[in-house]
């Protein structure tokens, strides 16, 4: 996607389109219109058409989009045939939930190992995923693991991120409230659940539907 120079906002919507198109294909549907896509993914039709236009002619006016063609296109664009191996750091309540879930709907994304400092958890398996001591982080992280999920206490998030920066990890999904400072070679996505909830409550009160 980087080579095609598409806007980041468009890139963020591609997995959303792909998931819906997967469901359409499984249901046996052969074609879909931008209006149908819009209703399903809650993105306006004009935005969908503009997003798709960055990749050339994906559909035909008056016909819509061929579902199997879109499925094949997005699978290749999103590298769905390549396995993304992930490490999780912090096996608290949220981390444990991730280990049990382990992206079961995304066959190309797998948490392969987890790290914690709790003696009760180190040396065990949760959801079939081995849990190692945090002291083993650099030793255990192989060159195959390029993404880390951070679910540690905010007070230690930066120090863990600093250690990850010394490995082959290039992407961090940060679920802590801490705003991390790392080199530009590492991409961080921050997801603060408390902030998301506060934002939702604000919109419910001030922008009623």
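Heads up, the Cβ atoms here are built off N, Cα and C, so glycines get one too.
Residues annotated as DNA-binding region in Swiss-Prot, with sequence analysis given as evidence: 16-55. Here the DNA-binding region (16-55) has, by DSSP, the following mix of helix, strand and coil residues: 28 helix, 2 strand, 10 coil.
The NAD(+) binding site feature in Swiss-Prot is assigned to 90, 91, 92, 93, 94, 95. In the three-state DSSP scheme, residue 92 (NAD(+) binding site) is classed as coil. The number of other Cβ atoms within 10 Å of the Cβ belonging to residue 92 (NAD(+) binding site), over all protein chains shown, comes to 13.
The record gives 90, 91, 92, 93, 94, 95 for NAD(+). Within 8 Å of the mean position of their Cβ atoms, the other Cβ atoms in that chain belong to 96, 97, 98, 116, 151, 152.
Of all the Cβ atoms in the protein chains shown, 23 others lie within 10 Å of the Cβ of residue 95 (NAD(+) binding site).
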